[in-house]
């Protein structure tokens, strides 16, 4: 397995170009199964999960090409089963189910894998598809969906806010007969982006970005060209990298209005922040950040995917900060690793109390999930001495060329190839 070796401490400064959002590109790639004509998707990041998705789409009979953009032609889909060997590494595969049953009347997906951070049941996806008239069976480790004729529009009230299930229901409902209303829908920018992609293909969707999305079913979706929005979590990660190292950064190809909660907390921590239409700059003027209190919650509140990075910020800040995680259980696996580097923290159920220290020391640490592993790499950039981060395949699932981008900001980081 590959590792990162990071030599610190360094002040990170310079410019970074933000990649397309993984969490929008994935649902958009799966939603392309609904289109009867070719689709061009621009600004798709080069990531392990994207490669897996492209393989999965190919296995379903879709023509997939990548040359700058990703080109998808789903006009000849002839296999309606997403097998375990591809699904096991990536839970996003469940997003194949809605489009398959909506367009072809049948689909089956092996129960998914992915990061091990708490319960992420597929129940809400199943609940939504059943409301639209699909018959669902769980057999031999597969979720199997079928319908005679077309799905039927429905008024669906979600028990809890779920990004994944909102995507499934919204994409399936585009080809359903009649109108579907999703109440308590997720409001994330990536949901809006997926909806806008579907609209570009001819879907009739309104209310995306609010908690009530309305979809008027159409008979078919055509082709089109669409550009994936910038990755707000990658943007936030690099802003934190500059903030914890006293540095100065400009993030290009960013979308500031998707990061309001994060920018507010960075300002509270003492950062000078300016924004333009597609850029964000942060300047710490060489100062240590001040500790902040953070509570994760569904968008537009503070994102759970930025929690690990802000835990690190608090651990090297002036003062004591409290971080409360309300979205996933079991999402403080980075904290014991940071304690090995000299951090002072206590975990109490879903809260971590961070007592800022002036410096961290390099150590051998292990990545446990995608965002936690990014925080360990950033910790290595500011710690004294050498840090080795093991199991970085987690990082490769969500960050495009993170070591190249950090190196351009002055980090001393190298990838050590595993056996």
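Numbering starts at 1 and runs along the chain as it is shown here.
Cβ coordinates come from backbone N, Cα and C, glycine included.
Taken from Swiss-Prot, the feature active site, proton donor applies to 115, supported by experimental evidence.
Sequence-distant neighbours of residue 23 (phosphoenolpyruvate binding site) (same chain, 6+ apart, CB under 8 A from its CB) are 163, 188, 190, 231, 233. What Swiss-Prot lists as phosphoenolpyruvate binding site is 22, 23.
Annotated UDP-N-acetyl-alpha-D-glucosamine binding site per Swiss-Prot: 91, 120, 121, 122, 123, 124, 160, 161, 162, 163, 305, 327, in sequence order. In the shown protein chains, 9 other C-beta atoms lie within 10 A of the C-beta of residue 160 (UDP-N-acetyl-alpha-D-glucosamine binding site).
Look at Swiss-Prot and you will find 115 tagged as 2-(S-cysteinyl)pyruvic acid O-phosphothioketal, backed by experimental evidence.
Spacing of residue 123 (UDP-N-acetyl-alpha-D-glucosamine binding site) relative to residue 22 (phosphoenolpyruvate binding site) is 23 Å (Cα to Cα, whole number).
Minimal Cβ crowding within 10 Å, among the binding-site residues 22, 91, is found at 91. With respect to their backbone Cα atoms, residue 160 (UDP-N-acetyl-alpha-D-glucosamine binding site) and residue 22 (phosphoenolpyruvate binding site) stand 23 Å from each other. Here the C-alpha separation of residue 305 (UDP-N-acetyl-alpha-D-glucosamine binding site) and residue 22 (phosphoenolpyruvate binding site) works out to 12 Å. Taking the C-alpha positions, the distance from residue 91 (UDP-N-acetyl-alpha-D-glucosamine binding site) to residue 22 (phosphoenolpyruvate binding site) comes to 13 Å. Mapped onto three states, the DSSP output places residue 22 (phosphoenolpyruvate binding site) in helix. Of all the binding-site residues given, namely 123, 162, 305, the one with the smallest number of surrounding CB atoms inside 10 A is 123.
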